[in-house]
Amino acid sequence: MRKLALALAVASALAGCTNAEKGAVIGGVGGAALGTAAGGNDVRNAVVGGAIGAVAGTLIGAAADRRGYCRYRDRNGRIFEARCR
């Protein structure tokens, strides 16, 4: 139950982020996990893996954003993308 609550909290926190921010978080967590798994149970491995993953995730997430387009909300609350004004 506790893991589910934590997963829901993380998912709701990421819901309002841009692709670059989401990529940084996901890349950082994944990189820390891979750094720990590959290098053993050492904090330095997790930190290095997390830093590399965060940078890679940010770059990949930024590439996913459409340049020249902005997100708008209509009067019904729906979010849509259109050319920036």
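Cβ coordinates come from backbone N, Cα and C, glycine included.
According to TrEMBL:
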SIGNAL    1-20  signal peptide
DOMAIN    23-66  domain 'Glycine zipper'
Worksheet item: When the pLDDT values for the domain 'Glycine zipper' (23-66) are averaged, what is the result?
Response: 78
Worksheet entry | the domain 'Glycine zipper' (23-66): DSSP-derived helix, strand, coil residue counts | 39 helix, 0 strand, 5 coil
